[in-house]
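S.K.: What follows is a single structure, and I will ask about it in a moment.
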Amino acid sequence: MIFRPLVTAFVASAMLSNVLAFPAFPPATGLGSIGKRDTETKLYPKNVMEAMRKRFQATIDAQAKDVASKYPVEHLGNVTDESLWDYFHEHGVMPQPIRGKTGATSAGPEWTEGNRENPDSYAPPNSDHGSVPQAKWPFALSHNRLQNGGWARQSNIDVLPVSTEIAGVNMRLDEGAYRESDRRAPSSTPQSHWHSTAEWAFVLNGTFRIASIDDEGRNIVADVGPGDLWYFPAGSPHTIQGISAGGGEFLLIFDDGHFSEDSTLLLTDFTAHIPREVLVKNFPGLSNDDFNNAPGSSLYIFPSDPPASNDTQQVESPQGEVPDSFTYKFSEQKPIELLGGSVKVVDSRNFKASKTIAAVEVTIEPGAMRELHWHKQQEWIYVISGHMRVTVFSGQSNARTYNFGPGDTGAWQAQNGHYIEALGDEPVKYLEVFKSSRYSDFSLSQWLALTPPAAVKAHLGFSDEALKTLYKNFAKSDHQVVKRDGRKRMPGGKRSFD
């Protein structure tokens, strides 16, 4: 029998002594000797074998108890479900998949840093149960398409299967480099039908010049900087150029989880696959020689000269400008300040062109959390800075906890209850993105505050005093982020807040 050690100390001492205590059966040198050894094992007195088994088990129990007493979490039945993030990041601590008396040490092989960054997966809280679709995908694990002038990597249904409504692309352009003129191609789904995709973007750093037209020939040429947005309706052709020193990065959002950045329709790809005679015929006034320098294949991302600082490159359209700007100064929008953080909401009510994407920029202070809530639409997230944990509850006792850090993406289904808790000693900043013209959510605390007290008491056993506090603190819609100070440990892993 092969025993998996529970603790590394046991591997070094107790296991060795117990192995030496077994009878000296002949070594197995072939199939015949294995059969002979098994026969002799079966004939060995049962009482002796049972005594050795008990001795072996006693050593396991003693070592497990010793580890549990030293490990900074309580035993099962008195267990805290607090994240082990802080403990796993203490100097010299080796992450282990143990919570109280559950789990055991790991002898490896292990990805230690991966375990350190994902403590709530490696040593999950006891509140986790059942099965929930995988909710996390790091851009760091996405294939990066490298080009002369930039790169792009994506998170879509191929790597995050639960994300059926949203796909994301992280892209970088050097100064002067272009993301080639394109229009978003329809993306195929397993049902063999087609969806056109709109493009929504959040600038992470740097400044970009975008240009586009709508279906009535009205145009826009505008510059977009850090924290600002652009939105191109489905089918609208557009260009993107990096114009700041050092280049910059942005996050692209598409309103179809099946979207692939490799499926766009590109200008140079289009012209390269049209007969030259047809191209010339299509542009009266241009000659055959005018197309001599046109590329024979697509460029995608390519270097170019940045515009002069005083050159706005404006092109006047006889049809005028797009009536609802394709850009939005999200960086200048005043956040809603809350106890524990802030939120900024953007949707078609303030960014009128954005008909299919709504988003929230959330900041959570250390020790605070985005309250328990859910949405009518599927949620897609992108972490800009900080570290956090999320528990996704999908009903029928199914719940799963994940850890997220900078550059991670995530998604969960509509109606799934969840919270987002800041970890460590730095603030969290992330985006919540939805395929919707308007943002909305349902707050658990507000629902309870506005439900007849008798019903709440019947379900949760709250006291009359607690019900009064519930109404006082949560009847209004101003608690998307909450924070409680002066917390201290209570028996059973419970919390007490001063």
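Even glycines carry a Cβ here, placed using N, Cα and C.
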S.K.: Check TrEMBL: it lists His373, His375, Glu379 as binding Mn(2+) 2. Then name which of His418, His459 it lists for that same site.
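M.R.: Of His418, His459, His418 joins His373, His375, Glu379 in the Mn(2+) 2 site that TrEMBL records.
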S.K.: Restricting to the chain of His375 (Mn(2+) 2 binding site) and a gap of 6 or more, list residues whose Cβ falls under 8 Å of its Cβ, or answer none.
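M.R.: Within the chain, His375 (Mn(2+) 2 binding site) has Cβ neighbours under 8 Å at Ala414, Gln415, Phe434, Ser440, Asp441, Phe442.
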S.K.: Report the DSSP secondary-structure composition of the region 'Disordered' (96-131) as helix, strand and coil residue counts.
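M.R.: Split into helix, strand and coil, the region 'Disordered' (96-131) gives 10 helix, 5 strand, 21 coil.
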S.K.: Identify all same-chain residues not among His373, His375, Glu379, His418 whose C-beta atom falls within 8 angstroms of the centroid of the Mn(2+) 2 site's C-beta atoms; report them in sequence order.
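M.R.: Nearby residues not in the site list: Trp374, Trp412, Asn416, Gly417, Glu432, Asp441.
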S.K.: Using all protein chains in view, find how many other C-beta atoms are within 10 Å of the C-beta of His418 (Mn(2+) 2 binding site).
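M.R.: Counting Cβ neighbours of His418 (Mn(2+) 2 binding site) within 10 Å gives 23.
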S.K.: Return the count of C-beta atoms lying within 10 angstroms of the C-beta of His238 (Mn(2+) 1 binding site), excluding that atom itself.
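M.R.: The Cβ of His238 (Mn(2+) 1 binding site) has 19 Cβ neighbours within 10 Å.
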